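As given in TrEMBL:
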type     : residues : note
DOMAIN   : 4-344    : domain 'Cation/H+ exchanger transmembrane'
TRANSMEM : 20-42    : transmembrane segment
REGION   : 69-89    : region 'Disordered'
COMPBIAS : 79-89    : compositional bias 'Basic and acidic residues'
TRANSMEM : 139-158  : transmembrane segment
TRANSMEM : 170-187  : transmembrane segment
TRANSMEM : 193-210  : transmembrane segment
TRANSMEM : 231-249  : transmembrane segment
TRANSMEM : 255-276  : transmembrane segment
TRANSMEM : 288-308  : transmembrane segment
TRANSMEM : 320-342  : transmembrane segment
Amino acid sequence: MGAGLQIDRPPSLRGWNSTWRLLGITMVLTIVLCALVGWWIAAFAPATAMLLGAVIAPTDPVLASEVQVGAPGENSENNETKDKDKTSLGEEDEVRFALTSEAGLNDGLAFPFTNMAIAMAIAGPAPHNWIRNWLLIDVLYQLVVAIAIGLGLGYVLGRALLAMPAKTDLAIAMIGLGALASTLLVYGLTEYFGGYGFIATFIAAIMIRNHDRSHRYHHSMHVLIEKCERILTAVILLALGSAIAGGLLATLNWHLIVCALLVVFIIRPVSGICGMIGYTHASWRERLAISFFGIRGIGSLYYLAYALNEQTFSQARDLWALVALIVVISIFVHGISATPIIKKIDQWRENKNKT
């Protein structure tokens, strides 16, 4: 929800071209390459290797705020405020927009591949044992349900939330609770009907954001959702730290360490560069930054826990150790590099605009 409420750019095929590239090319390449690395180097079984590729797919810019867009209406140098009841409209720079929109959508789009790994663990790696049900249910049906509910509820909730009267600052701040309730409603209803709740929630947030885009309520909704996300992220990372202290990484060997380094430093950057080939709306500096900042976080931990709860996978302890190591390396490397790299790009962009 938070990512969708932040994005100022209206959804379109052309305007979101960088997002579609990251989802259709980069994400798919990342899944395939991670699965192959897990199979060849870590010697995982096919289903376990596929699960590795699926859980590594989601990105999480919440862990590095420098690479995500700002609050609604604060994403441009040329903002203009219409009146005291409206927030300024803006347009994100390409790096922040691409990474934020990618993270908002690939969180949900990783689910079909996670379900593929579960199907492989149940029926075996041979595609003819599971491909039909996977395509019809896990891909077609669940995606259609998610998109339909996200669009429908997003439209209704956008009109309802922004029509609520609020004359005091406290009342305006309380509008954020409406966004939180909307998140739970959209996610819960979508899951009830068998769809992907993450996708529906992001689409609903985009619909809400694009209804009366200059309304000041957007900022209040974003503030509360962002705080909830950060608290939840902190709690989960604290739990991860406790698990590591308790021996989560005890099964690590050099094969798994090599896999982790390849995922963070080779697979994501190369996949990102492949996705950005031919994209002319960003400089080569921006495209390299987009390719590098594939930050892994709580999404990977969630998908892994979900899959292992649904089905038994061989080498599950090794997989937990590998995914945890990837998340730790990603948080450290991308966390310390985000600010200087993004500042350099911002400075380069400012100098370019002056000339």
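Backbone N, Cα and C atoms are what each Cβ position is placed from, and that goes for glycine too.
Unlike curated entries, TrEMBL annotations are predicted automatically.
Predicted, not measured: the structure shown is a model, and the values here were computed from it.
Within the chain carrying the transmembrane segment (320-342), a Cβ under 8 angstroms from the stretch's Cβ atoms is held by residues 38, 42, 52, 55-56, 63-67, 95-96, 237, 240, 243-244, 248-252, 256-257, 259-261, 263-265, 289, 292-297, 300-301, 304, 308, all 6 or more beyond its ends. Note: the stretches the transmembrane segment (255-276) and the transmembrane segment (193-210) are not in contact (fewer than 3 CB pairs below 8 A, sequence gap of 6 or more).
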